[in-house]
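Structure first, commentary second.
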Amino acid sequence: MLVRKNVWELGGDWADPILWYARAVGALKPKPISDRTSWRFWAGMHGYNQGLWEFYGYKAAKEKLPAKADFDEFWQQCQHGSWYFLPWHRGYLIGFEKLIRATVVSLKGPADWTLPYWNYFKSGQNGLPPAFGSPDWPDGKGNNPLFVEQRWGPDPKKPGKVFVPLNAVNLDAMGIHEFTGVASGGDRGFGGVDTGFEHGGTKHGDIESQPHDQVHGLVGGEKMFPKASPRPLPGLMSAPDTAGLDPIFWLHHANIDRLWQSWRLSDHRNTDPEESSWKKGPASHGKHQFVVPLPDGSPWVYTPQQMSDFAGVGYTYSDFSPAGTPLAAVASATAAPSGAATMAKSTGAAVEVVGVSAKALAVAGNGAQTSVPVEPQMHAKVASKMATTAAPGAREERVFLNLENVRGYSDATVLQVYVHFAGKDGTPSAERQVGSIGLFGITKATETDAGHTGGGLSYALNITKPYQEFAGSANVDLANIGVRLEAVAPVQQSAEVSVGRISIVRQGD
Ligand SMILES: [Cu+2]
(Lines of atoms letter the chains of each structure in order from A and count residues from 1; the text may use other names and numbers.)
(Lines give C-alpha, C1' and ligand atoms only; values in the text may rest on other atoms or scores of the structure.)
Protein backbone atom coordinates (compact mmCIF):
# COMPACT_ATOMS: atom_id res chain seq x y z
CA MET A 1 0.00 0.00 0.00
CA LEU A 2 1.29 3.43 -0.90
CA VAL A 3 1.46 5.70 2.14
CA ARG A 4 1.42 9.49 1.98
CA LYS A 5 3.60 10.81 4.78
CA ASN A 6 4.01 13.99 6.80
CA VAL A 7 6.45 16.26 4.95
CA TRP A 8 7.98 17.45 8.22
CA GLU A 9 8.73 13.86 9.31
CA LEU A 10 10.48 12.37 6.32
CA GLY A 11 13.88 12.51 7.98
CA GLY A 12 15.36 15.86 7.04
CA ASP A 13 14.69 19.00 5.03
CA TRP A 14 15.83 17.28 1.84
CA ALA A 15 14.82 13.71 2.60
CA ASP A 16 14.66 11.47 -0.47
CA PRO A 17 10.93 11.88 -1.22
CA ILE A 18 11.40 15.67 -1.31
CA LEU A 19 14.52 15.45 -3.43
CA TRP A 20 12.75 13.20 -5.93
CA TYR A 21 9.73 15.50 -5.96
CA ALA A 22 12.03 18.43 -6.79
CA ARG A 23 13.74 16.47 -9.57
CA ALA A 24 10.41 15.45 -11.08
CA VAL A 25 8.99 18.98 -10.89
CA GLY A 26 12.21 20.18 -12.53
CA ALA A 27 11.68 17.69 -15.34
CA LEU A 28 8.03 18.65 -15.91
CA LYS A 29 8.38 22.44 -15.77
CA PRO A 30 10.14 22.92 -19.13
CA LYS A 31 7.66 20.74 -21.04
CA PRO A 32 5.26 22.56 -23.39
CA ILE A 33 2.03 23.85 -21.87
CA SER A 34 0.09 21.84 -24.43
CA ASP A 35 1.68 18.55 -23.27
CA ARG A 36 -0.82 16.70 -21.07
CA THR A 37 2.03 15.59 -18.82
CA SER A 38 3.62 19.00 -18.31
CA TRP A 39 3.70 20.96 -15.06
CA ARG A 40 1.83 23.85 -16.56
CA PHE A 41 -0.84 21.70 -18.20
CA TRP A 42 -1.65 20.33 -14.75
CA ALA A 43 -1.84 23.80 -13.21
CA GLY A 44 -4.14 24.92 -16.02
CA MET A 45 -6.50 22.08 -15.23
CA HIS A 46 -7.13 23.82 -11.87
CA GLY A 47 -7.40 27.30 -13.35
CA TYR A 48 -5.84 29.63 -15.88
CA ASN A 49 -5.39 33.38 -16.18
CA GLN A 50 -3.47 34.61 -19.19
CA GLY A 51 -2.45 37.94 -17.64
CA LEU A 52 -1.00 36.49 -14.44
CA TRP A 53 0.65 33.52 -16.15
CA GLU A 54 2.41 35.77 -18.63
CA PHE A 55 3.29 38.42 -16.07
CA TYR A 56 4.87 35.85 -13.76
CA GLY A 57 6.72 34.14 -16.61
CA TYR A 58 4.73 30.91 -16.71
CA LYS A 59 3.73 31.50 -20.31
CA ALA A 60 5.46 33.38 -23.08
CA ALA A 61 3.17 35.67 -25.05
CA LYS A 62 3.57 33.61 -28.22
CA GLU A 63 3.45 30.22 -26.53
CA LYS A 64 0.58 27.98 -27.63
CA LEU A 65 -2.10 26.87 -25.21
CA PRO A 66 -3.48 23.32 -25.41
CA ALA A 67 -5.60 22.69 -28.51
CA LYS A 68 -9.26 23.59 -28.03
CA ALA A 69 -10.40 20.00 -27.58
CA ASP A 70 -7.85 19.43 -24.82
CA PHE A 71 -8.54 22.81 -23.24
CA ASP A 72 -12.26 22.08 -23.09
CA GLU A 73 -11.79 18.56 -21.80
CA PHE A 74 -9.18 19.16 -19.13
CA TRP A 75 -8.61 22.81 -18.28
CA GLN A 76 -10.28 25.07 -15.74
CA GLN A 77 -12.03 22.22 -14.00
CA CYS A 78 -11.43 22.82 -10.27
CA GLN A 79 -14.57 22.55 -8.18
CA HIS A 80 -15.01 25.19 -5.50
CA GLY A 81 -18.09 26.24 -3.56
CA SER A 82 -19.56 22.83 -4.29
CA TRP A 83 -20.14 19.43 -2.75
CA TYR A 84 -17.78 18.20 -5.46
CA PHE A 85 -14.85 20.13 -3.94
CA LEU A 86 -13.43 17.12 -2.07
CA PRO A 87 -13.95 14.37 -4.67
CA TRP A 88 -12.78 16.49 -7.61
CA HIS A 89 -9.55 17.41 -5.82
CA ARG A 90 -8.99 13.80 -4.69
CA GLY A 91 -8.99 12.59 -8.31
CA TYR A 92 -6.82 15.54 -9.36
CA LEU A 93 -4.29 14.58 -6.67
CA ILE A 94 -4.34 10.90 -7.64
CA GLY A 95 -3.58 11.76 -11.26
CA PHE A 96 -0.86 14.20 -10.25
CA GLU A 97 0.78 11.72 -7.89
CA LYS A 98 0.81 9.11 -10.68
CA LEU A 99 2.50 11.60 -13.02
CA ILE A 100 5.15 12.55 -10.46
CA ARG A 101 5.77 8.90 -9.58
CA ALA A 102 6.16 7.94 -13.23
CA THR A 103 8.57 10.83 -13.68
CA VAL A 104 10.53 9.84 -10.56
CA VAL A 105 10.81 6.29 -11.92
CA SER A 106 11.98 7.58 -15.29
CA LEU A 107 14.75 9.43 -13.42
CA LYS A 108 15.73 6.14 -11.72
CA GLY A 109 13.96 6.96 -8.45
CA PRO A 110 11.79 4.77 -6.22
CA ALA A 111 8.62 3.19 -7.66
CA ASP A 112 6.74 3.76 -4.41
CA TRP A 113 7.09 7.54 -4.32
CA THR A 114 4.08 9.22 -2.74
CA LEU A 115 2.94 12.79 -2.34
CA PRO A 116 3.77 14.09 1.16
CA TYR A 117 1.16 16.14 3.06
CA TRP A 118 1.71 19.36 4.99
CA ASN A 119 -0.13 19.30 8.32
CA TYR A 120 0.28 22.93 9.39
CA PHE A 121 -1.80 22.17 12.51
CA LYS A 122 0.77 19.86 14.04
CA SER A 123 2.91 21.42 16.72
CA GLY A 124 5.99 23.07 15.25
CA GLN A 125 4.99 22.31 11.66
CA ASN A 126 3.13 25.44 10.57
CA GLY A 127 6.20 26.78 8.78
CA LEU A 128 6.74 26.18 5.09
CA PRO A 129 8.84 23.00 4.73
CA PRO A 130 12.39 24.34 4.23
CA ALA A 131 13.08 22.68 0.87
CA PHE A 132 10.29 24.81 -0.62
CA GLY A 133 11.65 28.07 0.75
CA SER A 134 15.20 27.93 -0.55
CA PRO A 135 16.09 29.01 -4.09
CA ASP A 136 18.93 26.49 -3.96
CA TRP A 137 19.26 22.76 -4.17
CA PRO A 138 20.79 21.14 -1.07
CA ASP A 139 24.25 21.43 -2.66
CA GLY A 140 23.85 25.21 -2.64
CA LYS A 141 23.31 25.50 -6.38
CA GLY A 142 20.34 27.57 -7.53
CA ASN A 143 17.27 26.76 -9.60
CA ASN A 144 15.45 24.64 -6.99
CA PRO A 145 12.14 23.82 -8.76
CA LEU A 146 10.26 23.74 -5.43
CA PHE A 147 11.06 27.39 -4.83
CA VAL A 148 8.55 29.96 -6.02
CA GLU A 149 9.25 33.66 -6.05
CA GLN A 150 5.57 34.62 -5.87
CA ARG A 151 5.01 32.97 -2.50
CA TRP A 152 5.05 35.93 -0.16
CA GLY A 153 3.48 34.58 3.03
CA PRO A 154 1.22 36.26 5.59
CA ASP A 155 3.31 39.30 6.55
CA PRO A 156 3.95 41.95 3.88
CA LYS A 157 6.77 43.34 6.03
CA LYS A 158 8.59 40.02 5.73
CA PRO A 159 7.91 38.84 2.18
CA GLY A 160 9.02 35.27 1.64
CA LYS A 161 8.75 34.29 5.31
CA VAL A 162 6.04 31.72 4.77
CA PHE A 163 4.02 30.13 7.54
CA VAL A 164 0.41 29.56 8.56
CA PRO A 165 -0.49 31.78 11.53
CA LEU A 166 -2.35 29.37 13.78
CA ASN A 167 -4.74 32.00 15.13
CA ALA A 168 -6.24 32.33 11.65
CA VAL A 169 -7.06 28.66 11.06
CA ASN A 170 -9.06 26.04 12.90
CA LEU A 171 -10.46 22.54 12.56
CA ASP A 172 -14.05 23.35 13.55
CA ALA A 173 -15.33 21.70 10.36
CA MET A 174 -14.27 18.33 11.77
CA GLY A 175 -17.10 18.59 14.29
CA ILE A 176 -19.82 18.93 11.64
CA HIS A 177 -21.62 15.67 10.97
CA GLU A 178 -23.38 16.46 7.75
CA PHE A 179 -21.49 16.34 4.48
CA THR A 180 -24.05 18.39 2.58
CA GLY A 181 -25.11 21.73 3.95
CA VAL A 182 -27.47 24.48 2.94
CA ALA A 183 -26.85 27.55 0.79
CA SER A 184 -29.51 29.61 2.54
CA GLY A 185 -27.40 30.97 5.40
CA GLY A 186 -27.12 28.00 7.75
CA ASP A 187 -24.34 25.46 7.96
CA ARG A 188 -22.70 24.71 4.63
CA GLY A 189 -21.88 21.16 5.67
CA PHE A 190 -18.46 19.55 5.96
CA GLY A 191 -18.22 18.95 2.22
CA GLY A 192 -20.26 21.79 0.75
CA VAL A 193 -23.61 22.57 -0.77
CA ASP A 194 -25.46 20.66 -3.49
CA THR A 195 -24.46 22.17 -6.82
CA GLY A 196 -23.92 21.14 -10.42
CA PHE A 197 -20.52 21.46 -12.07
CA GLU A 198 -19.17 24.47 -10.21
CA HIS A 199 -15.84 26.03 -11.22
CA GLY A 200 -15.84 28.91 -8.78
CA GLY A 201 -18.90 28.63 -6.55
CA THR A 202 -19.58 31.46 -4.13
CA LYS A 203 -20.54 29.46 -1.03
CA HIS A 204 -17.75 27.25 0.20
CA GLY A 205 -18.37 24.22 2.40
CA ASP A 206 -17.00 24.05 5.93
CA ILE A 207 -13.66 22.29 5.34
CA GLU A 208 -13.13 24.36 2.21
CA SER A 209 -13.81 27.69 3.89
CA GLN A 210 -11.68 26.75 6.92
CA PRO A 211 -8.76 25.94 6.77
CA HIS A 212 -8.47 25.39 2.99
CA ASP A 213 -9.11 28.96 1.83
CA GLN A 214 -7.02 30.61 4.53
CA VAL A 215 -3.96 28.47 3.90
CA HIS A 216 -4.05 29.43 0.21
CA GLY A 217 -3.99 33.15 0.98
CA LEU A 218 -1.63 33.01 3.95
CA VAL A 219 0.97 31.02 2.02
CA GLY A 220 0.64 32.87 -1.28
CA GLY A 221 0.26 36.31 0.24
CA GLU A 222 0.31 39.30 -2.04
CA LYS A 223 2.56 42.08 -3.19
CA MET A 224 1.11 45.38 -2.10
CA PHE A 225 1.50 48.58 -4.10
CA PRO A 226 3.23 46.87 -7.00
CA LYS A 227 4.45 49.19 -9.72
CA ALA A 228 2.96 47.00 -12.44
CA SER A 229 -0.60 47.11 -11.19
CA PRO A 230 -2.81 49.43 -9.18
CA ARG A 231 -4.11 46.40 -7.31
CA PRO A 232 -2.19 43.99 -5.10
CA LEU A 233 -0.59 41.10 -6.97
CA PRO A 234 -1.61 37.67 -5.67
CA GLY A 235 1.00 35.07 -4.82
CA LEU A 236 0.59 31.91 -6.90
CA MET A 237 -1.17 30.09 -4.07
CA SER A 238 -3.52 32.99 -3.38
CA ALA A 239 -5.62 32.67 -6.53
CA PRO A 240 -7.30 29.58 -8.02
CA ASP A 241 -5.95 30.40 -11.49
CA THR A 242 -2.32 30.20 -10.43
CA ALA A 243 -2.35 27.96 -7.31
CA GLY A 244 -1.53 24.75 -9.17
CA LEU A 245 1.73 26.26 -10.41
CA ASP A 246 3.17 26.24 -6.88
CA PRO A 247 4.63 22.86 -5.84
CA ILE A 248 3.40 23.39 -2.24
CA PHE A 249 -0.20 23.46 -3.52
CA TRP A 250 -0.20 19.68 -3.80
CA LEU A 251 1.00 19.13 -0.23
CA HIS A 252 -1.68 21.50 1.09
CA HIS A 253 -4.36 19.64 -0.82
CA ALA A 254 -3.03 16.29 0.33
CA ASN A 255 -3.69 17.53 3.87
CA ILE A 256 -7.24 18.61 3.01
CA ASP A 257 -7.74 15.20 1.39
CA ARG A 258 -6.39 13.54 4.53
CA LEU A 259 -8.80 15.57 6.68
CA TRP A 260 -11.71 14.27 4.60
CA GLN A 261 -10.78 10.71 5.52
CA SER A 262 -10.04 11.75 9.15
CA TRP A 263 -13.56 13.11 9.29
CA ARG A 264 -15.01 9.88 7.91
CA LEU A 265 -13.08 7.80 10.46
CA SER A 266 -13.81 9.99 13.45
CA ASP A 267 -17.56 9.47 13.83
CA HIS A 268 -19.98 6.97 12.34
CA ARG A 269 -22.40 9.79 11.49
CA ASN A 270 -19.84 11.28 9.11
CA THR A 271 -20.78 9.80 5.76
CA ASP A 272 -20.54 10.96 2.17
CA PRO A 273 -23.69 11.89 0.22
CA GLU A 274 -25.98 9.11 -0.95
CA GLU A 275 -27.60 11.12 -3.74
CA SER A 276 -26.79 9.75 -7.17
CA SER A 277 -26.21 13.29 -8.45
CA TRP A 278 -23.25 13.43 -6.06
CA LYS A 279 -22.03 9.87 -6.57
CA LYS A 280 -22.11 10.02 -10.34
CA GLY A 281 -20.91 13.62 -10.50
CA PRO A 282 -22.02 16.40 -12.82
CA ALA A 283 -21.75 14.01 -15.78
CA SER A 284 -24.93 12.37 -14.47
CA HIS A 285 -26.89 15.50 -15.27
CA GLY A 286 -25.32 16.16 -18.61
CA LYS A 287 -22.48 18.33 -17.41
CA HIS A 288 -18.73 18.00 -17.66
CA GLN A 289 -17.30 14.74 -16.35
CA PHE A 290 -14.30 14.64 -14.02
CA VAL A 291 -11.27 13.69 -16.06
CA VAL A 292 -7.48 14.01 -15.80
CA PRO A 293 -4.72 12.55 -17.99
CA LEU A 294 -2.74 9.51 -16.93
CA PRO A 295 1.07 9.55 -17.26
CA ASP A 296 0.74 8.09 -20.78
CA GLY A 297 -1.55 10.98 -21.70
CA SER A 298 -4.74 8.93 -21.92
CA PRO A 299 -7.77 10.35 -20.08
CA TRP A 300 -8.88 8.87 -16.76
CA VAL A 301 -12.51 9.57 -15.94
CA TYR A 302 -13.51 9.33 -12.29
CA THR A 303 -16.64 9.81 -10.20
CA PRO A 304 -17.20 11.08 -6.66
CA GLN A 305 -18.48 7.59 -5.79
CA GLN A 306 -15.08 6.10 -6.69
CA MET A 307 -13.35 8.82 -4.66
CA SER A 308 -15.62 8.11 -1.71
CA ASP A 309 -14.48 4.49 -1.56
CA PHE A 310 -11.24 5.19 0.30
CA ALA A 311 -10.27 1.52 0.43
CA GLY A 312 -10.15 1.56 -3.35
CA VAL A 313 -8.17 4.72 -4.06
CA GLY A 314 -4.78 3.03 -3.87
CA TYR A 315 -3.11 5.00 -1.10
CA THR A 316 -3.47 5.82 2.56
CA TYR A 317 -1.98 8.31 5.02
CA SER A 318 0.57 7.68 7.72
CA ASP A 319 -1.59 9.47 10.28
CA PHE A 320 -5.26 10.45 10.34
CA SER A 321 -5.30 12.57 13.46
CA PRO A 322 -6.46 16.01 12.31
CA ALA A 323 -3.98 18.10 14.26
CA GLY A 324 -1.32 15.42 14.51
CA THR A 325 -1.94 14.78 18.18
CA PRO A 326 -2.56 11.22 19.33
CA LEU A 327 -5.72 9.62 18.01
CA ALA A 328 -7.30 9.16 21.46
CA ALA A 329 -9.82 11.97 21.14
CA VAL A 330 -10.84 10.85 17.70
CA ALA A 331 -11.06 7.20 18.63
CA SER A 332 -13.33 7.86 21.58
CA ALA A 333 -15.77 9.64 19.31
CA THR A 334 -16.30 6.48 17.28
CA ALA A 335 -18.11 4.74 20.13
CA ALA A 336 -21.52 4.02 18.67
CA PRO A 337 -23.95 6.53 20.11
CA SER A 338 -27.59 5.65 20.46
CA GLY A 339 -30.26 7.34 18.43
CA ALA A 340 -28.05 7.63 15.39
CA ALA A 341 -30.90 6.73 13.07
CA THR A 342 -32.84 9.76 14.21
CA MET A 343 -30.05 12.13 13.21
CA ALA A 344 -31.75 14.91 11.28
CA LYS A 345 -30.42 16.15 7.98
CA SER A 346 -29.77 19.79 7.27
CA THR A 347 -31.67 19.69 4.05
CA GLY A 348 -34.89 21.57 4.55
CA ALA A 349 -33.97 22.76 8.03
CA ALA A 350 -35.51 26.08 8.85
CA VAL A 351 -33.19 29.00 8.26
CA GLU A 352 -34.59 32.35 9.34
CA VAL A 353 -33.13 35.82 9.47
CA VAL A 354 -32.73 37.15 13.01
CA GLY A 355 -31.16 40.44 12.04
CA VAL A 356 -29.61 42.15 9.06
CA SER A 357 -27.45 45.09 8.15
CA ALA A 358 -27.85 45.82 4.47
CA LYS A 359 -25.33 48.65 4.47
CA ALA A 360 -22.18 47.76 2.53
CA LEU A 361 -19.07 47.71 4.68
CA ALA A 362 -15.78 48.74 3.08
CA VAL A 363 -12.74 46.85 4.37
CA ALA A 364 -9.34 48.53 4.06
CA GLY A 365 -6.20 48.83 6.09
CA ASN A 366 -6.45 46.88 9.32
CA GLY A 367 -10.12 46.00 8.91
CA ALA A 368 -13.57 47.40 9.56
CA GLN A 369 -16.41 47.21 12.02
CA THR A 370 -20.13 47.65 12.06
CA SER A 371 -23.15 46.54 13.99
CA VAL A 372 -26.16 44.42 13.16
CA PRO A 373 -29.55 44.98 14.78
CA VAL A 374 -31.53 41.87 15.66
CA GLU A 375 -35.31 41.74 15.69
CA PRO A 376 -36.59 41.38 19.26
CA GLN A 377 -39.21 38.77 18.34
CA MET A 378 -36.73 36.62 16.45
CA HIS A 379 -34.23 36.99 19.25
CA ALA A 380 -36.87 35.83 21.76
CA LYS A 381 -37.53 32.77 19.60
CA VAL A 382 -33.84 31.87 19.47
CA ALA A 383 -33.40 32.50 23.19
CA SER A 384 -36.33 30.27 24.12
CA LYS A 385 -35.16 27.47 21.83
CA MET A 386 -31.71 27.70 23.31
CA ALA A 387 -33.10 27.54 26.82
CA THR A 388 -34.88 24.24 26.20
CA THR A 389 -33.34 20.92 25.25
CA ALA A 390 -34.10 19.84 21.71
CA ALA A 391 -36.51 16.89 21.40
CA PRO A 392 -34.96 13.57 20.35
CA GLY A 393 -34.20 13.66 16.65
CA ALA A 394 -34.69 17.41 16.46
CA ARG A 395 -31.90 19.73 15.45
CA GLU A 396 -30.12 21.82 18.01
CA GLU A 397 -30.70 25.53 17.65
CA ARG A 398 -27.78 27.12 15.83
CA VAL A 399 -26.97 30.72 14.96
CA PHE A 400 -24.81 31.91 12.06
CA LEU A 401 -23.21 35.17 11.12
CA ASN A 402 -23.46 35.61 7.36
CA LEU A 403 -21.05 37.84 5.49
CA GLU A 404 -22.61 38.09 2.05
CA ASN A 405 -21.55 39.50 -1.29
CA VAL A 406 -17.97 39.95 -0.22
CA ARG A 407 -16.28 41.52 -3.21
CA GLY A 408 -12.88 42.88 -4.14
CA TYR A 409 -9.51 42.17 -5.72
CA SER A 410 -7.38 40.69 -2.99
CA ASP A 411 -7.53 36.90 -2.97
CA ALA A 412 -4.83 36.64 -0.31
CA THR A 413 -6.78 38.56 2.31
CA VAL A 414 -7.70 36.72 5.49
CA LEU A 415 -10.01 38.50 7.94
CA GLN A 416 -10.39 37.49 11.57
CA VAL A 417 -14.03 37.81 12.52
CA TYR A 418 -15.19 38.96 15.97
CA VAL A 419 -18.63 39.49 17.47
CA HIS A 420 -19.42 41.67 20.41
CA PHE A 421 -22.50 41.85 22.62
CA ALA A 422 -23.00 45.00 24.66
CA GLY A 423 -25.38 45.62 27.53
CA LYS A 424 -28.36 47.97 27.14
CA ASP A 425 -26.97 49.98 30.01
CA GLY A 426 -23.72 50.39 28.13
CA THR A 427 -21.90 47.67 30.04
CA PRO A 428 -19.25 46.38 27.69
CA SER A 429 -18.98 42.65 27.32
CA ALA A 430 -16.21 40.54 25.96
CA GLU A 431 -15.60 40.34 22.27
CA ARG A 432 -15.36 36.82 20.84
CA GLN A 433 -13.49 35.58 17.83
CA VAL A 434 -15.87 33.44 15.78
CA GLY A 435 -13.43 32.35 13.10
CA SER A 436 -11.85 33.83 10.04
CA ILE A 437 -12.61 34.11 6.35
CA GLY A 438 -10.15 33.69 3.48
CA LEU A 439 -10.95 35.50 0.25
CA PHE A 440 -9.54 32.77 -2.05
CA GLY A 441 -11.37 33.17 -5.38
CA ILE A 442 -12.70 36.67 -4.65
CA THR A 443 -11.40 38.32 -7.81
CA LYS A 444 -13.16 35.84 -10.07
CA ALA A 445 -16.31 36.10 -7.98
CA THR A 446 -16.21 39.89 -8.33
CA GLU A 447 -15.66 40.10 -12.05
CA THR A 448 -18.64 39.99 -14.34
CA ASP A 449 -17.70 37.81 -17.25
CA ALA A 450 -18.91 34.54 -18.71
CA GLY A 451 -20.15 32.38 -15.87
CA HIS A 452 -19.74 35.01 -13.17
CA THR A 453 -22.43 37.32 -11.91
CA GLY A 454 -20.02 39.47 -9.92
CA GLY A 455 -21.96 38.91 -6.72
CA GLY A 456 -18.86 38.03 -4.73
CA LEU A 457 -18.35 35.29 -2.16
CA SER A 458 -20.55 34.60 0.86
CA TYR A 459 -19.55 33.18 4.21
CA ALA A 460 -21.46 31.59 7.10
CA LEU A 461 -19.76 31.47 10.51
CA ASN A 462 -21.21 29.55 13.41
CA ILE A 463 -21.80 31.96 16.33
CA THR A 464 -24.03 29.65 18.39
CA LYS A 465 -21.77 29.56 21.42
CA PRO A 466 -21.31 33.30 21.97
CA TYR A 467 -24.95 33.89 21.07
CA GLN A 468 -26.03 31.33 23.63
CA GLU A 469 -24.09 33.08 26.38
CA PHE A 470 -25.72 36.35 25.50
CA ALA A 471 -29.19 34.97 24.77
CA GLY A 472 -30.11 34.37 28.37
CA SER A 473 -29.28 37.88 29.52
CA ALA A 474 -31.99 40.51 29.77
CA ASN A 475 -29.41 43.26 29.65
CA VAL A 476 -28.58 43.11 25.96
CA ASP A 477 -28.53 45.83 23.36
CA LEU A 478 -30.42 44.14 20.55
CA ALA A 479 -29.97 47.08 18.24
CA ASN A 480 -26.21 46.76 18.16
CA ILE A 481 -24.56 43.40 17.80
CA GLY A 482 -20.99 44.36 17.03
CA VAL A 483 -19.15 42.73 14.15
CA ARG A 484 -15.47 43.45 13.61
CA LEU A 485 -13.21 42.27 10.83
CA GLU A 486 -9.49 42.36 11.49
CA ALA A 487 -7.10 41.88 8.58
CA VAL A 488 -4.17 39.52 9.11
CA ALA A 489 -2.22 41.67 6.62
CA PRO A 490 -3.29 45.22 5.75
CA VAL A 491 -5.85 45.41 2.97
CA GLN A 492 -4.83 47.76 0.19
CA GLN A 493 -7.49 50.41 -0.52
CA SER A 494 -7.29 49.83 -4.28
CA ALA A 495 -8.33 46.20 -3.71
CA GLU A 496 -11.85 47.56 -3.07
CA VAL A 497 -12.76 44.86 -0.57
CA SER A 498 -16.28 45.19 0.80
CA VAL A 499 -19.01 43.17 2.46
CA GLY A 500 -22.37 43.78 0.82
CA ARG A 501 -24.66 42.51 3.55
CA ILE A 502 -24.26 41.13 7.04
CA SER A 503 -26.94 39.04 8.63
CA ILE A 504 -27.52 36.85 11.65
CA VAL A 505 -29.66 33.79 10.99
CA ARG A 506 -30.98 30.91 13.03
CA GLN A 507 -31.07 27.30 11.89
CA GLY A 508 -33.10 24.68 13.67
CA ASP A 509 -36.52 23.13 13.81
CU1 LIG B 1 -7.10 24.62 -2.96
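From the backbone N, Cα and C atoms, a Cβ is placed for every residue, glycine too.
The compositional bias 'Basic and acidic residues' annotation in TrEMBL covers 268-278.
Here the domain 'Tyrosinase copper-binding' (80-97) has long-range neighbours at 42, 45-46, 114-115, 179-180, 189, 191-195, 197-205, 207-208, 240, 250, 253-254, 256-257, 260, 273, 278, 281-282, 290, 292-294, 300, 302-304, 306-308, 313-315, 440-441, 457, meaning same-chain residues at least 6 beyond its ends whose C-beta is under 8 angstroms from one of its own. Among the features that TrEMBL reports, domain 'Tyrosinase copper-binding' is placed at 80-97 (among others).
For the domain 'Tyrosinase copper-binding' (246-257), same-chain residues at least 6 beyond its ends with a Cβ under 8 Å from one of its own Cβ atoms are 4, 7, 21-22, 25, 46, 86, 89-90, 92-93, 96, 115-120, 128-129, 132, 145-146, 148, 150-151, 207-208, 212, 215-216, 219-220, 235-237. Here TrEMBL flags 246-257 (among others) as domain 'Tyrosinase copper-binding'.
Sequence annotations record features per position, and here TrEMBL assigns region 'Disordered' to 268-290. Long-range contacts of the region 'Disordered' (268-290) within the same chain, counting only residues at least 6 positions beyond its ends with a Cβ under 8 Å from a Cβ of the stretch, are 77, 83-84, 87-88, 91, 177, 179-180, 190-191, 194, 196-197, 301-305, 308, 334, 336-337, 340, 343.
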